[in-house]
Amino acid sequence: MQPNYSTLLKQLKQLGAANPGEPPGIEQWMEFLEQVSNVCADMALDPGNAARIRPVSLSEIQELSSRIEETQRIAGLGDWSFDRKSGQGKWSRECYRIFGLSPSAPMPTYKELSRQIHRDDRLYVKDRVEAALHDARKFEIEFRYHLPDGEVRWVRAIGQPVKNARGQVCRLFGTVMDVNSRKLIEVRQSMEHTVARLLAECDSPVEVIPEIIETICSTFGWVCGALWMPDKKAGLLRRAATWALPRPDIEQFFHNTPDQIPLPAGAALSSRTLRVARADWFPDASRGEHFERAKEAAATGLHGCLAFPLQAAGEILGIMEFFGLQPHEADRETMQSAHFIGRHIGQFFQRKQVEIALRESEAHFRALVEQASDSFYVHDMNGRFIDVNQRGCEGLGYTREELLSMSVQDIDLDLTTRELKKLTGKLTAGTPIARESRYQRKDGSTFPVEIRMGPIDINGRQHLLSLVRDVTERKEMQDHIQHLAYHDSLTNLPNRAMFNRHLCHAIDQAARHGKSLAVLFIDLDRFKYVNDTLGHDAGDRLLQEMSRRLSNALHGDLVARLGGDEFVVLLEDIHDSEHVSHVAQKILTALVEELPLNGQRIHITASIGVSIFPEDGEDEFALMKHADIAMYRAKDRGKNNFQFYSAYMSQHAAKMLALESSLRRAIEREELVLYYQGKVETRTGRISGVESLVRWQHPELGLLSPDQFIPLAEETGLIVPLSKWVLREACKQVCEWQRQNLPPLNVAVNLSARQFVDDHLLEDTALVLRELGMDPTLLELEITESMMMHNPEHTIQILQGLKAMGIRIAIDDFGIGYSSLSHLRQFPIDIIKIDRSFIQDVPGDPADEAITEAIIAMGKSLKITVVAEGVEKPEQLQFLSDLSCEEIQGYFFSKPLPAKDFTKLLWRNLAPVAVPSRRPAAK
Ligand SMILES: Nc1nc2c(ncn2[C@@H]2O[C@H](COP(=O)(O)O[C@H]3[C@@H](O)[C@H](n4cnc5c(=O)[nH]c(N)nc54)O[C@@H]3COP(=O)(O)O)[C@@H](O)[C@H]2O)c(=O)[nH]1
């Protein structure tokens, strides 16, 4: 049923008073107007209807229209109608106010209205109105409208077409509303939203600043703007970004003005804003007051100017400035908006800066992690991998994807579920963990690792970060160092430290189980000699070969090198001494085998001393010491044998030790004495020369023969100073005899093996001769065959050096060595002394006779003087005389005598001597 007038009035009253102070909504108005329109249309179609309507009084009409007017004023809403046929329209009073017109002014035509619509909205309004007329459809539009004073206002218009009986749109009616405030808020919100979006999507805020300036400019109607950034270090404000309407005159403004301003700069707008730290407005920048670029602004046509700081947490991160083409007074809303935008952009700037810094530091960290030589693994509390660096993948042979589908327990061989739980518990309690483990690669191989673990927060969740280092090399190095610490580097056998550890342990075990063990102390015989004569390289090779033979001879028993030529063997769980003897013999047999060294065949023997636990000692020190003493006993017993320790040996060893320490002091205490034994010509019976033989006048032990201390001197190195003393003393004595006008006498001095290889031999000998002024041809040096043959090249060199000085060379103990006659020819030899072992059984022993005869014959053919040693009996002298042996030496003529006695002998020898007549050799 159509509402009647009174119903409408009632509704109108309700509209105005529904919510006092609040204007009725546009929807309610439209509803109301539609009903009014329907009532009117009703009356137009059926005049009967009008008749049925109760007559309205004037006062009622006035009341109604004043109510409508009042309600529209409160609502800021005007209503209008337009008759299509007559072109006439009707505006309510509020419409005039909304469009800025006087209520008395004639209502503008549609054309006039269109001209005032904002250029950008004009076409849109036209299209929508035409469509509404064409389709008889309601329209709702919002557009900007230029008021007569130039102000732009946003309005919202709703129109409703009304059709006539023929269905044609004959009339439009509707409302118009001032929505400027809301619209401005919306526009600013949209601008702020755009600014926020631009900042959110950019990588660096400065990049999007031109776009932000453009957005702000288009919202506020500015034509250009710029961002200034403070550079505190340089004391400058720098223009970091600009935007200008694409008009050359406006763009020129930035080209014509400086892009940096010194700080602090009073009049400069940007620096002023920086100082006041809030939005700053210049109604007309071109007028020069407080604006340093006024001239350029005027030239460009820039007037209104706004600058505001970009602030965050009290810090000013930049200044933005904007210019408009019109002088413009400051308005509160814009200032507020500027303040808001400034804060907003400032916060974004700061956040972005933090983000960038964070991203950079993350990238830096990531790069570091990726480049790290260590592996990084991140896994969750259940062990599932969350992240891994490149090294972590390479180290295990898995791809990143493979690892991310695995658990740390798949690779950490020592990490049980229980262990993992324990670790995560500790780590979440904040205790960092360092542990060692073994990791397994994809190919199944394993390697030792060192792991440092700590908690790490990723996206708010706690995970565990493991920094893993492959310590294979370090472990190998440690093993190697450990090996070096416990092994001998030359032979790779265990060393003394290792042997002692094992021995201690073995003694413990044997003591606990009531078993026996044996320590075999092995010393190579004549090693020092080989080393000195053949050189250290040969000595090293010999030791390596001996070590190999020892290891081969002992199946699993511990063999160690103690140093030098000393080795030691541990035999555990021995049953009886035969067992030990068997092993010792096996060792001797293995070592003595021929060894080619420097082109020579060497036969090395060993002396072995044995001590038994528990009989010979209850700890490692006693066992080692007693085995050592037993070894010396084996040496004394002619070498190449083994000896079991006995208490007697200790006493003997103690004696030797005491002897050694007193031998050290024997030279300075002048306890050494030289004895002299003459060499006699068989033909004349005259003493042709003399051999010096050292003795030690020991204060307690009496006169000691060289056999009792020379080996000890050799062993300890004391032979070198001892030999020097002998050489000087013998030469001195020869000089003394000469001084006594005795006939010139050759003196023979024995050279020790060590002395023969001493680098200073030639030098030392020459010095003695020079200092004593002695004729070098009177000196004979005696060396043995073996000394010569061990290093023939060296021998030749030394002998030639001695010969060059005029010294004569004799081969001592000739015949017992293995040198062949052809070998002898290469050496510059003057004298051969036949060893007394051949002489003692001649005549009588055909072999010794033959050898002696051959040596004498060879000497003759090589023009070498032959001396027979150890001649004790007249028949020996006769035998040698018959073979035309030139010289003899032995007790038959004289035992070695002290210098004083030998001097007497020399004087006596000056008288005629009876000699055996030489008989022709029986063939
Ligand atoms: N490096 C040095 N060695 C030296 C020195 N002085 C001696 N020696 C060597 O010591 C060994 C023993 O010497 P010694 O006890 O003096 O014996 C010598 C003679 O006494 C002994 N001899 C001499 N004639 C006879 C004899 O008729 N019968 C017999 N039973 N013995 C005799 O022979 C030794 C001399 O031998 P050699 O030197 O081979 O000519 C001995 O090897 C000495 O070389 C020294 O200062 N430095």
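Glycine residues also receive a Cβ, built from the backbone N, Cα and C atoms like all the rest.
Mean model confidence for the domain 'PAC' (139-191) is a pLDDT of 88. If you look up TrEMBL, you'll see 139-191 (among others) marked as domain 'PAC'.
Residues annotated as domain 'PAS' in TrEMBL: 361-407.
If you look up TrEMBL, you'll see 433-483 (among others) marked as domain 'PAC'. Within the domain 'PAC' (433-483), the DSSP-based counts of helix, strand and coil residues read 12 helix, 31 strand, 8 coil.
Annotated domain 'GGDEF' per TrEMBL: 515-647, in sequence order.
TrEMBL lists 656-910 with the feature domain 'EAL'.
Counting residue by residue with DSSP, the domain 'PAC' (139-191) contains 12 helix, 30 strand, 11 coil. Taking H, G and I as helix, E and B as strand and the rest as coil, DSSP gives the domain 'PAS' (361-407) the counts 23 helix, 11 strand, 13 coil.
Note: the domain 'GGDEF' (515-647) comprises 60 helix, 41 strand, 32 coil (DSSP; helix = H, G, I, strand = E, B).
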